[in-house]
Amino acid sequence: MTDRYCVFGNPIKHSKSPLIHGEFASQTQQAMTYTAELAPVEGFADAWRAFVAHGGRGANVTVPFKSDAFALCDTLSQRAKRAQAVNTLIVGGNGRIYGDTTDGVGLVRDLAYHRVALAGKRVLVLGAGGAVRGILEPLLAENPREVVVANRTADKAEQLAEAFADLGSIQGGGFVSVEGPFDVVINGTSASLSGELPPLPEALFAEGAWAYDMMYGSEPTVFLQWAGPQGAKLLDGLGMLVEQAAESFFLWRNVRPETASVRTLLRQSLNY
Ligand code: ATR
């Protein structure tokens, strides 16, 4: 039986993951399939078990199932424990379920791909939800001078900063207390989804700074449209998507796919 992989989500129809992993598989000549699977909101664990019973060897997990996936693992990576979320499930030889999260590595690899320096830099992260929790450990591992987490609900940013304070210099608070300039500003809020802009103060960007939106779409997000005229260099989350997929693929198949050609393909599929 061919090894089966998939991405679980709800909704899942527009997922780019089957395209990405299909490219990785043909590029590295892996005999495998990768599909998009819609799971019922209250039925993730059952959907996963049925998948494994039919030859499933691993899966990616996206909204809203990253916490459900975290809960069903027998073994968790250190970074998944910190993130309290799992985006990659692996069925071990003994049938045990191993959970990891590759989102944060995906972000850091994408930044490296674009030669965005983090060591010694001031980094602002907007948002304090699950998406941000998933990137803080790999981000702090790059030794930035300081990470500031700013959120609409200031308490959540403060709590997040406390939870990661042993890993580096990190502070949390509300948007109003943010003081620039920053070398890298990462939007990890879900505001872009609804076309909204977090209420950000002026003068956030240092000379030559980068603005990074973890979201992407067929046109630049509201955050990037706001940052561009202020002189920031712009990146959206498409590269992060490809890099987190590459890391998951590596965990499953022990082969590292090449990502540049897949980035190009995906950008073309977005049509801008
Ligand atoms: P995700 O998994 O995408 O992180 P989440 O855990 O629900 O989703 O977190 C959403 C994040 O986006 C939160 O930081 C949220 O701010 P609050 O904690 O104050 O709710 C933020 N967010 C969502 N819509 C926003 C908006 N319109 N302006 C600013 N922040 C927003």
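Cβ atoms are placed via backbone N, Cα and C, with glycine included.
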Per TrEMBL, Gly127, Ala128, Gly129, Gly130, Ala131, Asn151, Arg152, Thr153, Ala154, Asp155, Lys156, Met214 bind NADP(+); matching candidate in Gly104, Gly180, Gly237: Gly237
Shikimate site partner of Ser15, Lys16, Ser17, Thr62, Asn87, Tyr216, Gln244 (as recorded in TrEMBL), chosen from Asp46, Asp103, Asp110: Asp103
Inter-residue C-alpha distance, Lys66 (active site, proton acceptor) and Asn87 (shikimate binding site) (nearest angstrom): 6
The domain 'Shikimate dehydrogenase substrate binding N-terminal' (7-89), counted residue by residue under DSSP: helix, strand, coil: 34 helix, 20 strand, 29 coil
Sparsest Cβ surroundings (other CB atoms within 10 Å) among the binding-site residues Gly127, Gly129, Gly237: Gly129
Cβ neighbour count (within 10 Å, all chains shown) around Ser17 (shikimate binding site): 23
Binding-site residues compared (Ser15, Asn87) - the one with the fewest other Cβ atoms within 10 Å: Ser15
Among Ser15, Ser17, Ala154, Lys156, Gly237, the binding-site residues whose C-beta sits under 6 Å from ligand 1: Lys156
